[in-house]
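Colleague: After the structure tokens below, expect a handful of questions from me.
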């Protein structure tokens, strides 16, 4: 064994910069910094602050006192049910309205005009919509007067300052958002798939049921979550159009009362945390159900 | 093979028209397709071939004329009521369904029993040679496999008519030849009446029993591949059939069945395919395969060689004449770039056409 032992050539591994780049970190990554600072200052810090504050009850007691108080007082814990009872039906109604309209609009030439009209309510803001609805649906409003003029009702219907007033307002302000999201998912599906299904003998309903719906489900789940979160945090319309001491005493009202009427920021924070966890629970449940559906590209072509 | 296609005698297009606003995408297209025939609709893009197919499938309403399946008028039916199988250019496979579910989709929509669906899908999988792939999603298949699924899905419903919209245009060159042979094989096995849209004359020539050449929404010529290849009826059909040399000249004499043109001083005599008169402008069309380097003399025109490509058994070159005509020719011997050559061919290889009317005809 007289093999010459060559010194192994000095191996230069890739530089630090190359190794970072291989993991997706390079100078461009720095562009994340402003957004990170922004979310740290305006979201993470206040959230963490509120989270900690919620465990420091104003009235003293142990660290869970606020939570215990919330879940032992029906006036407080009922707000969860009240809010869900508004937010879930409103979101479902919005979604169920948005799907057929999106299917129709998808085929229209003047999509732009209609989309603009539908987006207007977003720009109006909840307070203006509430004002309008108070006048329109109120006992002396056009709606009741028209019905009475035609003799359809003898007494004005009570449509504001109760559940239905808030419901109507949430549908009006939430629909455009739900619709636009739904429209983008619907138009993202290759129309050739529907044509293929038609040539294979599928009726319009079968095409929706077997082609569109399965491909839309993941998008509809996301739309549901975003619309739900928006409706769940209802505040102005619940106060202006609802019955803030009764059926539409939503969780955000409870939090506002604790914080700004009783000046108990700690309790207010605890309620806000509970609100956050209820939302999170629903959103996680809905998003997890997406795993049951196909989630690849919605096109019949080779990508 | 128990995939049995519905029985009928003929599909008849009777003066079918389709307007898009002011544009006539199709004008008075009449065509009779007999059972078992393989018809290719051939033409450049925008000629109306896909429009014709979509009108037959029911994906586009016709704006004039009628479509008949024997004695039944079908152009008023919705696509799902026509029951024609269609293969789409981008395959249009359902991305959320596996191969088996994709192929069985049409049978399921028809409410067939599970055992019948399973049996027929198995047969279709055998026919397109996709056994073992049935549980994959379309996204996991190669382009050629996706195309096979699309074909299986269209024929498993046993349609009277199979419509194919440029089915090979998304495949690479090698796969295209392979799938072309597959389509021919499947057609031979099933005898399915097929309308096949393509812009590729080779595909049309090799697959079809009859070719329909469309241009600007009008049928220009219908005939067997050999007929179209050897005797195109119009200048534009010739252009599409590979007559790449178009020599503009003036008719100086008509001698029996030969028409003589003066092309930049050269005397070119060929066979007239359209009526021309002495003194009028006409075109001599010559296939690039037929134009060879030769001696000066009759049917020869002087040109300067611009490019020359080695193609294995021969060379293919381009050249231009002093008067600015461009040529594509072949040669068995290498030719120097920039050299002066005489390009020539036989009388019977030259077709003479009248000057085409400009614009839409």
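Just so you know, glycine gets a Cβ as well, placed from its N, Cα and C.
Feature table excerpt (TrEMBL):
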- A:27-55: transmembrane segment (TRANSMEM)
- A:75-101: transmembrane segment (TRANSMEM)
- A:80-288: domain 'ABC transmembrane type-1' (DOMAIN)
- A:113-137: transmembrane segment (TRANSMEM)
- A:163-186: transmembrane segment (TRANSMEM)
- A:211-232: transmembrane segment (TRANSMEM)
- A:270-293: transmembrane segment (TRANSMEM)
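Help me see these features in their spatial surroundings.
Modeller: Residues of the same chain lying 6 or more positions beyond the ends of the transmembrane segment (A:27-55) and with a Cβ under 8 Å from any Cβ of it are 63-64, 66-67, 265-267, 269-270, 272-273.
Listed as Cβ neighbours of the transmembrane segment (A:75-101) (distance under 8 Å, sequence separation of 6 or more from its ends, same chain) are residues 69, 163, 166-167, 170-171, 174-175, 178-179, 181-183, 186, 216, 220, 223-224, 227-228, 231-232, 234, 238, 247-254, 271, 274-275, 278.
Proximity of distant same-chain residues to the transmembrane segment (A:113-137), defined by a Cβ-Cβ separation under 8 Å and at least 6 residues beyond the stretch ends, is recorded for 105, 143-144, 159-160, 165, 168-169, 172-173, 175-177, 179-180, 183, 236-237, 240-241.
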